[in-house]
Amino acid sequence: IATLYNKEKNIYNVQFHPEVTHSADGTKMLSNFVLGVCKCKKNWSMGNYIEETIKGIKETVGDKKVILALSGGVDSSVAAVLIHKAIGNQLSCFFVDTGLMRKNEAEKVMKTYGEHYNMNIECIEAEERFLSKLAGVSDPEEKRKIIGHEFIAIFDEQKQKMKDAEFLAQGTIYPDVIESQSVKGPSATIKSHHNVGGLPKEMNFKLLEPLRELFKDEVRKVG
């Protein structure tokens, strides 16, 4: 059985993946369902997403302060720019120099976002801190957990400096969420992400993740 249809309940089912390239007319099938059966309109655009996201950030944050770990990568950079467009100087960014970066990357990030985008950004020198904790560790999953733990610890320290900050912003994207989920127990987890899974209660932050429902190619389009 390839497809099922319940006329009385108007339920459609397929037993294959119409979205993949080798499914003949799969895209057309999805289009017929979305536009023909569900009567959706093709009025969504990335521009609409950006506008709605900025509006949502303003409504969520209000007049509160937000801090964000800015790595200079696509995800955190796009998240930072979106949030900055929404709330301006209510956003404070921190670049953590872990000692694991490319040559001169810290200087480049500080110049790009501090001078070009005029954001509030501070460079936290943490090379010795990260490298000492990672010394002798070979398991990649354990390394990720150590890095995540140190990032949380650093932001807890920053929280003490910014007692009026209520939100911690992250560049979490949808694949991060998928890969960190386990439907069959811990052994089925693909890989953990230091920006997925919530925060310890003692940190007392609210999470702000404007890219959480986007895939990487969509994040690039937003950028």
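Note: Cβ is positioned from N, Cα and C throughout, glycine not excepted.
What TrEMBL lists as ATP binding site is SER71, GLY72, GLY73, VAL74, ASP75, SER76, SER77. Under the heading domain 'GMPS ATP-PPase', TrEMBL lists 44-223.
Overlay of TrEMBL annotations on the structure.
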residue: SER71; record: ATP binding site; Cβ contacts under 8 Å, 6 or more apart: SER77, PHE95, VAL96, VAL109, GLY171
residue: GLY72; record: ATP binding site; Cβ contacts under 8 Å, 6 or more apart: PHE95, GLU105, LYS108, VAL109, THR112, TYR113
residue: GLY73; record: ATP binding site; Cβ contacts under 8 Å, 6 or more apart: GLY171
residue: VAL74; record: ATP binding site; Cβ contacts under 8 Å, 6 or more apart: GLY171, LYS216, VAL219, ARG220, GLY223
residue: ASP75; record: ATP binding site; Cβ contacts under 8 Å, 6 or more apart: GLY171, THR172, ILE173, LEU211, LYS216, VAL219
residue: SER76; record: ATP binding site; Cβ contacts under 8 Å, 6 or more apart: LEU68, ALA69, LEU70, GLN170, GLY171
